[in-house]
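Input: a single structure, listed below in structure tokens.
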Amino acid sequence: MSDLIRRTAVELAAMIAAREVSAEEVTRAHLDRIAAVDPAVHAFLYVDADGALTAARAVDARLAAGERLGPLAGVPLALKDVFTTRGMPTTCGSKILEGWIPPYDATVVQKIRDAGIVILGKTNMDEFAMGSSTENSAFGPTRNPWDLSRIPGGSSGGSAAAVAAFEAPLAIGTDTGGSIRQPAAVTGIVGTKPTYGGVSRYGLVAFSSSLDQAGPFARTVLDAAYLHAAIAGHDPRDATSIDAPVPDVVAAARNGDVRGLRIGVVRELDGDGYDPGVRHQFHQAVKLLADLGADVGEVSCPHFEYALAAYYLIAPSECSSNLARFDAMRYGLRLGDDGTRTAEDVMALTRAAGFGAEVKRRIMLGTYALSSGYYEAYYGSAQKVRTLIIQDFAAAFEKFDVLISPTTPTTAFPLGERVDDPLKMYLADLDTIPVNLAGNAAMSVPIGCSPDDGLPVGLQIMAPVLADDRLYRVGAALEAAYRERTGRLLIEDVPDPAANQEGAA
């Protein structure tokens with residue numbers, strides 16, 4: 001295994017800037033890694049080797065000409081296949097968009113290109129970001145590098161697995177109900193959901209417009225901070241984009257001092273239904289934060305218990321509206337258009353064949369919740385619960401600077417275990433959904449492996465709107481303490497998928 005793929009993004013960027021190694025060499029090392037392990041992991045749906053090498057050579061040429069480039073110039077990145085990309089397919093993990101190549105770049109993609117970051121390709125995901133295991137992809141599941149018989153989380157499981165398998169040092173995902181934080185937790189890496197509106201949604205194919213948010217994956221808190229800073233900022237093309245200064249997340253990640261910080265442990269996000277191993281690691285981390293000088297206490301957010309139910313009314317309702325645009329008329333799959341059928345028949349045939357079971361389930365849920373006889377009873381009530389959750393957060397943040405909880409109730413579960421039990425699958429996002437409903441910022445940081453099964457456990461840090469820097473301050477402190485205690489990062493213990501393909505067949 002090349003030493004280059006084991007380097008952090010910050011280390012690689014420094015080496016490239018000092019011309020100790022070329023961006024092309026770094027890119028080739030990661031392309032070689034993808035070729036070696038992705039047949040087992042299946043993190044990528046599309047690898048753009050030619051485009052990546054061209055972008056890397058351009059960085060090398062600009063450095064040779066004496067240009068000063070961004071802090072991540074030349075560093076490779078994996079991109080969730082939910083962003084429009086000029087010259088690359090965008091499928092959203094769905095047959096209905098198979099082969100579609102958009103004519104424009106999403107704002108996040110343009111910012112990545114402008115920063116000189118090298119896009120390796122597009123990663124696998126649950127279809128239209130609907131799922132918690134990446135098993136809902138129309139193109140097959142992604143596998144967890146820690147155990148190839150288990151899920152990598154979802155819906156951004158491909159991006160998380162790519163980083164955990166050392167196929168890319170950085171990745172971009174999206175988080176609607178936990179789809180960055182939950183995969184990060186079960187693959188032993190760092191994942192951040194920025195404040196809603198802090199990163200542009202222009203060109204992000206919408207699942208739930210009031211909840212979707214793009215964010216970074218990385219193997220270290222500092223790497224995640226640099227990527228967060230690169231993609232954040234106001235975008236006039238996104239009506240929900242916040243026109244406010246981006247919090248200095250990089251400085252916070254370099255600080256990592258929690259002395260005097262008030263940290264609230266959310267009472268409702270613990271207890272029955274949580275794996276004993278997850279609870280053990282979480283409570284060890286709580287004690288560690290207190291030992292590091294934080295002022296740790298318990299806080300109650302009583303309406304969090306209704307968050308899951310509210311989310312599964314609000315998100316499907318928005319999904320049923322957003323996915324109406326996939327009508328077989330202008331782009332994507334079109335079936336039955338032989339001159340004998342009406343446009344309505346073509347649309348029905350295409351949507352029946354193009355959408356998977358989970359997408360159809362959520363469209364039906366949303367359509368029902370928005371129907372005239374049930375709108376107020378279901379969708380209207382869910383929005384009232386959302387307001388109560390926002391109020392819970394506001395009250396908690398009057399007493400505490402950040403809140404913490406386990407990121408997920410369990411470690412990574414076996415592939416296939418919950419496919420036929422939607423409710424059990426939905427419970428994977430129990431801890432993460434409240435943040436999306438409120439629009440706050442949150443991060444998952446690894447805190448060790450469960451003593452029960454040896455799989456990674458994540459701790460979730462939650463901060464107020466536009467206080468994203470607090471996430472990085474706490475995350476960096478935990479990461480540094482873990483490294484001091486063990487002598488390494490947790491992700492350094494991940495098995496090599498190339499040598500451990502049992503269960504991948």
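Glycine is no exception: its Cβ is also placed from the backbone N, Cα and C atoms.
Copied over from Swiss-Prot, here are the features:
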type	residues	note
ACT_SITE	Lys80	active site, charge relay system
ACT_SITE	Ser155	active site, charge relay system
ACT_SITE	Ser179	active site, acyl-ester intermediate
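Neighbour counts of Cβ atoms within 10 Å were compared across the active-site residues Ser155, Ser179; the minimum falls on Ser155.
Annotated pair the residue listed as 'active site, acyl-ester intermediate' and Lys80 (active site, charge relay system), C-alpha to C-alpha distance, rounded: 11 Å. Cα-Cα distance from Lys80 (active site, charge relay system) to Ser155 (active site, charge relay system): 9 Å (rounded to the nearest whole number).
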